[in-house]
Amino acid sequence: MEYQLSPSILAADFSNLGEEITKVERAGARWLHIDIMDGQFVPSISMGIPVISSIRKRTDLFFDVHIMALDPTALIEDFAKAGADLITVHVEACPNLDRTLRLIREKGCKVGVAINPATSVHVLENVLEIVDMVLIMTVNPGFGGQAYIPYCANKVRQIREMAKERNLTLDIEVDGGINKNTIQEVVDAGANIIVAGSAVFQGDVDANVKELKGIMER
Ligand SMILES: O=C(CO)[C@H](O)[C@H](O)COP(=O)(O)O
Ligand SMILES: [Fe+2]
């Protein structure tokens, strides 16, 4: 299984975004987590198309776009054109989930599906075969810098088990409150794509990326 650290630029210095991205790239990250918040599905507003298309010109990192919006389906085509490699939508925001997931694939992107902490893994039973990645939120979405919710590790374990039963090679991503103290628990539970915002961009970015990757790959 491939392990990837996906630094979340939500915690980066936006006045110096290009440099921040170069730093994580130089430190050895291959993915970049881009949080899209619309102020409705979640309370805050983050960034949109112009940010993605401008950073796309600067880096070949794999763009892992996490949409936290009330109507993610309407945004998919534009995000794909702007340079997303993988688009993840929330079950909680998709009344026609199957259609939305197929649209992501049609637009040429890898397909991700996310669930909030309080949502059961069982809502994913029917769509596991048509996604590349499941994102288990380990905080309630909306802000960086929140504390990791420990019961979510069990959901990672459940999804890994469900994938195994179906013979699927599925990526499992965790997002929220992951740092050097919490990363081991989610990796042990079966997560292989690890998002980290504050734990990467606060302090020495190079040392942070190397430390987290080191624990993950051990
Ligand atoms: O989706 C998110 C919040 O909704 C972010 O990706 C997440 O919060 C990352 O930040 P941190 O690692 O600081 O918790
Ligand atoms: Fe995220």
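Each residue, glycine too, has its Cβ placed from N, Cα and C.
Owing to the predicted nature of the structure, the values given are computational and were not obtained by experimental measurement.
Annotated substrate binding site per TrEMBL: Ser8, His66, Gly142, Phe143, Gly144, Gly145, Asp175, Gly176, Gly177, Gly197, Ser198, in sequence order. Ser8 (substrate binding site) counts 23 other C-beta atoms within 10 Å of its own C-beta, drawing on all protein chains shown.
The number of other CB atoms found within 10 A of the CB of Asp35 (divalent metal cation binding site), across every protein chain shown, is 24. What TrEMBL records for His33, Asp35, His66, Asp175 is divalent metal cation binding site.
According to DSSP, Asp35 (divalent metal cation binding site) sits within a strand segment. The active site, proton acceptor feature in TrEMBL is assigned to Asp35.
Feature annotation from TrEMBL assigns active site, proton donor to Asp175. For Asp175 (substrate binding site), the Cβ neighbour count at a 10 Å cut-off comes to 28, with all displayed protein chains included. DSSP classifies Asp175 (substrate binding site) as strand under the three-state reduction.
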Shell of the substrate site beyond Ser8, His66, Gly142, Phe143, Gly144, Gly145, Asp175, Gly176, Gly177, Gly197, Ser198, same chain only (C-beta within 8 angstroms of their C-beta centre):
Leu10, Ala11, Asp35, Val139, Pro141, Gln146, Val195
Please report the DSSP secondary structure of Ser198 (substrate binding site), reduced to three states.
helix
Between the Cα atoms of His66 (divalent metal cation binding site) and Ser8 (substrate binding site), find the distance and write it as a whole number of Å.
10
